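First the structure, in the form of structure tokens, and then the observations on it.
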Amino acid sequence: MTHPLRVAVLGATGRMGAQTCAALEAADGLELVARVGRGEDVGAAVRAARADVAVDFTVPAATEANVHAVLDAGAHAVVGTTGWDDDSRRRVAEHLGRLNAARGVAEPDLGVLIAPNFGLSAVLAMTFAARAARYFESAEVVELHHPDKVDAPSGTARHTAAAIARARAEAGLGPMPDATEAGIEARGADVDGVRVHAVRLRGLVAHEEILFGNVGEQLVIRQDSFDRVSFMPGVLLAVREVGSRPGLTVGLENVLDLS
Ligand SMILES: NC(=O)C1=CN([C@@H]2O[C@H](COP(=O)(O)OP(=O)(O)OC[C@H]3O[C@@H](n4cnc5c(N)ncnc54)[C@H](OP(=O)(O)O)[C@@H]3O)[C@@H](O)[C@H]2O)C=CC1
Ligand SMILES: O=C(O)C1=N[C@H](C(=O)O)C[C@H](O)C1
């Protein structure tokens, strides 16, 4: 019989942390062994619980340090928290490289899986948007969230815009048409040349619309997470998979083989 995978949750009292604890408690083959809160020593908590995997749903200011502490404690990390950029991802990849080179043959290599969104509808929307991007002259992203969210634009919208920008560059497309001369602040954030608009509205959870335009036609890709329970199948999949994916993986689309 295989032992259950031992899982710690960082940010356990938060909206996503609490939902993740409940999902882990109901899941076969997974055991919730630590609920780690703000101010606790992450490495010590992960070691004391003998966790195989730690899931981070904290805040952008804390998540990178948490991941380094989890790795130093010898556990894999699954990260849903936003706020990652090229530099923080590179530092984690380098840390993984150093640790994995030093690990013995009997120890499996460590993995970190960072997913801006664990919802299937969002992962599919991002994937479809990346496929569509090369065929349209214009593309803009609108993300809509609950007003308690601390960051804007959302991690999902940044990931989506970056993928659109990559696809446009690979297809040899130049900048999008935009004659704006005044009031540029009303045009949203510029993420790699793609305009991203953030709406904050009581009653919403997490939603995204990707708009594509050509002369005489439009494509709209929309996804809605109405309940945080929608993120849980993706979180549990990531927890089960991260141990067999050494190094850094960014995006659940890679685990779902959609990339
Ligand atoms: N990838 C995905 O699918 C999803 C990602 N997210 C992202 O997950 C993150 C958390 O979202 P959400 O659960 O809504 O946020 P919450 O504010 O509800 O939860 C954040 C948690 O982090 C804790 N915390 C705050 N500051 C620190 C700190 N310095 N160190 C450690 N822990 C800290 C909080 O503790 P305290 O209560 O004591 O302040 C709280 O438990 C966000 O970045 C959000 O964008 C959200 C939904 C889905
Ligand atoms: O804060 C949230 O709620 C969410 N955050 C993530 C993001 O910034 O993309 C994922 C999802 O949109 C919900």
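Any Cβ shown, glycine's included, is placed from N, Cα and C.
Annotated in TrEMBL:
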ACT_SITE  HIS145  active site, proton donor/acceptor
ACT_SITE  LYS149  active site, proton donor
BINDING   GLY11, ALA12, THR13, GLY14, ARG15, MET16, GLY80, THR81, THR82, ALA115, PRO116, ASN117, PHE118  NAD(+) binding site
BINDING   ARG38  NADP(+) binding site
DOMAIN    6-95  domain 'Dihydrodipicolinate reductase N-terminal'
DOMAIN    122-256  domain 'Dihydrodipicolinate reductase C-terminal'
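Taken over all pairs of the listed NAD(+)-binding residues (GLY11, ALA12, THR13, GLY14, ARG15, MET16, GLY80, THR81, THR82, ALA115, PRO116, ASN117, PHE118), the Cα spread reaches a maximum of 20 Å, rounded to the nearest whole number. Looking at PRO116 (NAD(+) binding site) and LYS149 (active site, proton donor), their Cα atoms lie 14 Å from each other. Sorting the domain 'Dihydrodipicolinate reductase N-terminal' (6-95) by DSSP state (H, G, I as helix; E, B as strand; all else coil) yields 42 helix, 20 strand, 28 coil. Within the model, the domain 'Dihydrodipicolinate reductase N-terminal' (6-95) carries an average pLDDT of 98. In terms of DSSP secondary structure, the domain 'Dihydrodipicolinate reductase C-terminal' (122-256) contains 55 helix, 40 strand, 40 coil. Straight-line distance linking the Cα atoms of ARG15 (NAD(+) binding site) and ARG38 (NADP(+) binding site), rounded to a whole number, equals 14 Å.
Taking a Cβ distance under 6 Å to any atom of ligand 2 as the criterion, the binding-site residues GLY11, ARG15, ARG38, THR82, PRO116 reduce to THR82, PRO116. Counted within 10 Å of its Cβ, the other Cβ atoms near ARG38 (NADP(+) binding site) come to 12, all protein chains included. Taking the active-site residues HIS145, LYS149 in turn and counting surrounding C-beta atoms within 10 angstroms, the largest count is reached at HIS145. Annotated pair GLY11 (NAD(+) binding site) and LYS149 (active site, proton donor), C-alpha to C-alpha distance, rounded: 15 Å.
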